[in-house]
Each structure stands twice: as C-alpha cells, then as structure tokens.
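A.B. asks: Below: one structure in structure tokens.
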Amino acid sequence: MEVCYQLPVLPLDRPVPKHVLSRRGAISFSSTSSLFGGPDPRKLSQRRGGISYDSADQTALYIRMLGTYSVCCGWLDTCLYLQCIYIDLWLFTPSTESVSPWGCRCCRPLSFQRRLAVSPSLLCPSSRLTLCFLDDDYAGQAKCMLRKVGSWDFDIFLFDRLTNGNSLATLTAHLFNQYGLIELFQLDVIKLYRFLVLIQEDYHSHNPYHNAVHAADVTQAMYCYLQEPQLSSSLTSCDILLGILAAATHDLDHPGVNQSFLIKTNHHLASLYQNTSVLENHHWRSAVGLLRQAGLLEHLPVEDRSNLEMRLGSLILATDISRQNEYLSQFRSHLDQDDLNLQNSAHRHLVLQMALKCADICNPCRPWELSKQWSGKVTEEFFNQGDIEKKHGLEVSPLCDRQLDTVPNIQTGFISYVVEPLFTEWRRFCSTPLSHTMLSHLGLNKAHWREESDPSISHAAFEDSFSLVHFIDVPLRI
C-alpha cells in the first residue's frame, strides 16, 4: 500500500520556535516532543529521528526503520501491526512528475511515501500503543475540529490545512468510525485506508473547484443532513454507508470542464456515455472501479455488492444538475401529497438523492466568508474553461467568459434559478433549525451579490444562461 503525504505547514496562529527558525527545516519523529523537537534544541540528539533538509537540494533523503511496532493509526483509530516501515523524503518541483523506488508517481512539491507491510492480524484495543511519526500539533487541532463536524459553519478550508491536504480521507474515515460502519459491514481497515487514499488522489488538485476539498465539503454537508431528525431515525446503516460514499466520490476524476465542453470537443467520455450525464456516469464508474481495486466490498455476496454499486450510481447520477427539474418535481409532488414514507426504501432513496443534491450545491447556504471563497473558486474554473475555448476557437460556454461575466452576476443567477428552488423544497420536507439557517445564509449571501452585481444585466438573461446545457435543460420557475 502506497500513500502520498505532504509535509505539514505550521498554522499561522502557532508561534514558530526560534530554534526551528535557525534551521533549514525539521521533521520530528518523537512522540514526546510538543513542537518540532521540544523546547530545548540541545536535546535534539535524544529524539528517535530527525531530518534537516535544504529546499534547494533536489536530492532525496531516505530513512528506513526496521522492527515490529504496535501502532494506533490515528484517523482510523484502529491498531495495526506494522512489521516494517519505510519512509522516503523526496524533494520535487511542482511541475515535475517523478516515480518513487516502488513505482508510485508523485508530483507534489514535498511528499512522503509510506510503504506499510501490515500483518493481517489486528491487535486488541487493550494492547494499543502509539508511535508518532510527525508531531501531534496538526493532528490534534484537526481532531478538535472533528468534534464539531456537524456544525454548519465548519471551515473545510482550515480543516484541509490542518490535515495537510488530507481532508477528504480524514473526514470520511472519521464518519465511518462515528457510525460504526467498519464493524457493521466487517470492513478491512487496510482496504478502507487504501480506498480513501485512492479516491482522494483521484480528484484533480489543480481544479480550482472540483477537487478533493469540495468532495470533503459535500461529505461534511451530507453528514449534517444525515443527522437531521427525520433521517437519523429512519435511515438504515446501508443508507448511511451509501450516503457517505456517494458524497465522497460524487465528482471523482472531474476534468474541470462541463459536459457541453466534452460533447463539442468529441471527448471519448461523451461518446462512451452517449452525451447523457457524461460526467456523473464517469464519477460513478470511477468510484466503482476504485471500490473494486481496493477490494473494500469483496467480502460481501456478489448480489449485495452489485446492489450497492447500482444504488451508489443512482445517488451520484442525481447530482446531474441538468436533471434538476426531474428530481425536484418528483420530490415536490410527494411533499404536496404528503405521502413520503421513510419506511419505504424507494422513498428513503429519493430523500438521499435530494440530500446529496443539496450538499453538492450548498455553498451559497454557508456563512458569507466560506460561501464567498467557494464562489470565487467555481467561477475561476468556469473562466478557465472559457479561456481554453477561446484558445481553440470554440464558442465560449455560458457563464465562462471572464470578460463578460462576473462573480456577483453568476452567483445571483445561480442562487435565484438553481439553489433557492431546491432548498425551499428541502425546508418543506425538513423544517429544522439547520434548514432555516441555510435559507437565512442564502438570503444574506444573495443580497451581498446583488449589491455587487451589474444592474445593466437583466435577470431574464441569466435565466436563459442557466437554462442552457451549462446548468439546466429546462428553465426553472420559482
């Protein structure tokens, strides 16, 4: 099992010790040091390991520690029996893609490659010991944040920094533990660990918006919805497993462009899925591929495994925003007739689909400081697509022209024609403090964007834009 890690960066709110500033770099392997080797630099020699590195040096430093260790594997909170541990420190430039001695491709500025040869037997909880490879400051702050993972103002950007870019894997593993899914489905923790790393690495970090941080944000929002009274009292363990998996993988391997771009450039994915829910089909198939590659569900009966994969696909396909009206009309019809029965598996599945749809586009419902960051990121991704289309002489897709479109106008239209109709119906179904909080933030954020938007552009023009292939096939009516 090969896993990529980046070197943690000390949070801005933590003072850097003087003895660390005097060194070119430091990595502590001591479980007793509170911060990069402790307060006394003269005791550095007493640490179990340490590295000083020169950021200008392109050579690789290699550490090998042999022996048998009993390790508490942090975010999995499960004891593993490690017989051999290898740690490589590689220094690469961001644009250089390199291969480690084990064939693992790395393209990050500074990363760790951990190769863990793990015994199939697990230690009992009473015998667990902790071996810390890096100081606990970052992990400790991340754990503190996870105690409030159900809070709607959860700052996923800060959490991603504290987990050193591993927010998706860390958060998803925490939720698996919190719901007891590992025990309920008898999951192999090593296969789970591998699967979570695979899905995190399959997101494109160069995408401004559709990356692993967005997937982590959607997963956290999905957890908030799963905790709502109507759902928490009705959903089965299988529903919860599917909800978390779908949220974590719903944009897997997203190329950073929309479906219309793939169609007009004759992309092979558009041909493969016959121009229908192209991206969503790809996300689903990619998720199933990684599930099988990791072997996470291989111990289940074939029929059960196939059923889980199909239901996972049904959830991910529901995030196709061009089918918004289809799902919204069905959901509204049930609410109008007051016939939603959460004891019915089909009705529970529809609610899960709607919950995932809400989680996927919930950014305008977050507090302003978080919502504003997401708005800038998604708009930048639109504009990047427009730049590519201009470069190759293609017609620029709606909302993708950085010379004509602006963040305030795009967000105002998106909220009015996409987000508000969906969350209004969700509040009808789930009239809780969270639903009211989300719509309150949505109204405030919309007011912010209206103040900054260009009044010369009519709302009708934006309804036309959002009715095109970029978002909605049929114009939405509020």
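Cβ from N, Cα, C; glycine included.
All TrEMBL annotations are machine predictions without curation.
The domain 'PDEase' feature in TrEMBL is assigned to 134-456. Taken from TrEMBL, the feature AMP binding site applies to HIS210, ASN211, ALA212, VAL213, HIS214, ASP251, ASP360, GLN411. Marked as active site, proton donor by TrEMBL: HIS210. Annotation source TrEMBL lists Zn(2+) 1 binding site at HIS214, HIS250, ASP251, ASP360. TrEMBL lists ASP251 with the feature Zn(2+) 2 binding site.
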A.B. asks: If you skip the near sequence neighbours and keep only those at least six away, which residues in the chain come within under 8 angstroms of HIS250 (Zn(2+) 1 binding site), Cβ to Cβ?
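C.D. replies: In sequence order, ALA215, VAL218, HIS283, LEU315, ILE316, THR319, LEU356, ASP360 meet the Cβ cut-off.
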A.B. asks: Which residues of the same chain, at least 6 positions away in sequence, have a Cβ lying under 8 Å from the Cβ of VAL213 (AMP binding site)?
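C.D. replies: Long-range Cβ contacts: ILE156, PHE157, ASP160, SER167, LEU168.
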A.B. asks: For HIS214 (AMP binding site), write down the residues of its own chain that are at least 6 apart in sequence and whose Cβ falls under 8 Å from its Cβ; none is a fine answer.
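C.D. replies: When sequence neighbours closer than 6 are ignored, HIS214 (AMP binding site) has TYR203, ASP251, TRP374 within Cβ distance under 8 Å.
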A.B. asks: Near the Zn(2+) 1 site, what residues other than HIS214, HIS250, ASP251, ASP360 in the same chain have a C-beta no further than 8 Å from the centroid of the listed C-beta atoms?
C.D. replies: HIS210, ALA215, VAL218, ALA247, HIS254, HIS283, THR319
A.B. asks: Which one of these binding-site residues has the most other Cβ atoms within 10 Å of its own Cβ: ASN211, GLN411?
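C.D. replies: Counting every other Cβ within 10 Å of each candidate, the maximum falls on GLN411.
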A.B. asks: The record names HIS210, ASN211, ALA212, VAL213, HIS214, ASP251, ASP360, GLN411 as the residues that bind AMP; what is their largest Cα to Cα distance in Å?
C.D. replies: 22
A.B. asks: Do any residues at least six apart in sequence from HIS210 (AMP binding site), in the same chain, have a Cβ closer than 8 Å to its Cβ, and if so which, in order?
C.D. replies: TYR203, HIS204, ASP251, HIS254, GLY256, GLU381
A.B. asks: Most Cβ neighbours within 10 Å: which of the binding-site residues ASP251, ASP360 is it?
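C.D. replies: Answer returned by the neighbour count: ASP251.
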A.B. asks: Just counting, how many other CB atoms are there within 10 A of the CB of ALA212 (AMP binding site)?
C.D. replies: 24
